[in-house]
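Student: Structure provided below as structure tokens; questions to follow.
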Amino acid sequence: MGTQALQGFLFLLFLPLLQPRGASAGSLHSPGLSECFQVNGADYRGHQNRTGPRGAGRPCLFWDQTQQHSYSSASDPQGRWGLGAHNFCRNPDGDVQPWCYVAETEEGIYWRYCDIPSCHMPGYLGCFVDSGAPPALSGPSGTSTKLTVQVCLRFCRMKGYQLAGVEAGYACFCGSESDLARGRLAPATDCDQICFGHPGQLCGGDGRLGVYEVSVGSCQGNWTAPQGVIYSPDFPDEYGPDRNCSWALGPPGAALELTFRLFELADPRDRLELRDAASGSLLRAFDGARPPPSGPLRLGTAALLLTFRSDARGHAQGFALTYRGLQDAAEDPEAPEGSAQTPAAPLDGANVSCSPRPRAPPAAIGARVFSTVTAVSVLLLLLLGLLRPLRRRSCLLAPGKGPPALGPSRGPRRSWAVWYRQPRGVALPCSPGDPQAEGSAAGYRPLSASSQSSLRSLISAL
């Protein structure tokens, strides 16, 4: 079986497992596809390791090999910024978007921004072309030397429009969904201008509009979509003092599931409460000293009222939470309780009646078993086919001198250089530049830089 035919067969075999279900993009009510809930992607923890999407752009350097720069895994021992023994894009310094270090060019460039399509907060609809005749958003507009994303959102909310667009760092435009229907998308990297009022936010570009739904950061709302996301007031800016906001949740279903993607309140006097909308009883309460759980929080109520209050000194990033309605209230919902901070303890010896989960029909189970067995068989055949050429090639790994790499910046370190030849290979415990290595390595040649980088990535992933 040829290599291309085998790859095509494997693709068709696993295609049903790869297809997304019920996914839609670009809306505040479809947060499932987003990997970021902050406007600058500071919370990105994905696995893109090149500066461009889908394998494009330049490869990123590993964060544990960048001790010569300001940010490395050694400077983030607690993992707060998401740095470590990997080369994934991150935003440790609160820049306008995730970035990574790259191999230094002749022009002295040693880092790049990462274009990550999945790292756009829900409510951001994309970068659009604005030719000016007619404007991309047809509503009122204005300019400000203190423009931020939320300043523009608030302006358009007050005007009664659905959409807000920021452009060139200082311009704000308002519009409706009909404007968006005739709009033309531009590459995400075209919206690259920093907001005049906030160095950590992007406000469109030259002839490019960054478009948002005005519900982002609103202080009140009535949410009835099956799923969605709610931001703290003034988001993505910090919330201000003396804020008193409320949101009503009533998605279809018998229960609710909340997941906090971001939670940063200034102090215990800034408080978020979750109440049953029908009875008004307090279900949960969180503040700057008592954060919510990291995983999903299930509540046995179909309608929820969220209230947020900040004191006279309140200033912090705030929160972002996703919600979805559950059709079955018995899906392990959290029981209402009088004390909002202490979960109810299970009762020892309590009689609990359980209903068995519906089982898949035998035909479906048989199809899954057949598919799994077939996939394993094909993979085994592929591995057996690769064994023969692999037996004729081996690698020479010799530690060579170079810049600090792999580990905290204490004492001398060595990186790995890779050599190979056919049909045999040996491993030498000395540097490639040493006379002993030079004599033994005669007839070998080093792998290309790209191959060495790929092998380092593979070794680091093991």
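Every residue, even glycine, has its Cβ placed from backbone N, Cα and C.
Computed from a predicted structure; not experimentally measured.
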Student: To which of the residue ranges 29-53, 429-453 does TrEMBL assign the term region 'Disordered'?
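Tutor: Of the candidate stretches, TrEMBL labels 429-453 as region 'Disordered'.
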Student: The disulfide recorded in TrEMBL for Cys195 goes to which of Cys191, Cys203?
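Tutor: That would be Cys203, the partner TrEMBL lists for Cys195.
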Student: Based on what TrEMBL records, which one of Cys89, Cys119, Cys127 is disulphide-bonded to Cys114?
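Tutor: Within the candidate set Cys89, Cys119, Cys127, TrEMBL assigns the bond with Cys114 to Cys89.
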Student: Based on what TrEMBL records, which one of Cys100, Cys119, Cys127 is disulphide-bonded to Cys191?
Tutor: Cys127
Student: Go through the disulfide-bonded residues Cys36, Cys127, Cys152, Cys156, Cys172, Cys191 and tell me which ones have a CA within 10 A of the CA of Cys89 (disulfide bond).
Tutor: none
Student: Within 10 Å of Cys156 (disulfide bond) by C-alpha distance: pick out those among the disulfide-bonded residues Cys127, Cys172, Cys195, Cys219, and say none if nothing qualifies.
Tutor: Cys172
Student: Hey, what's the Cβ neighbour count for Cys203 (disulfide bond) at 10 Å?
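Tutor: Cys203 (disulfide bond) is surrounded by 29 other Cβ atoms within 10 Å.
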Student: Spatially speaking, which of the disulfide-bonded residues Cys36, Cys127, Cys174, Cys245 is closest to Cys60 (disulfide bond)? Use C-alpha to C-alpha, please.
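Tutor: Of all the candidates listed, Cys36 is nearest in space.
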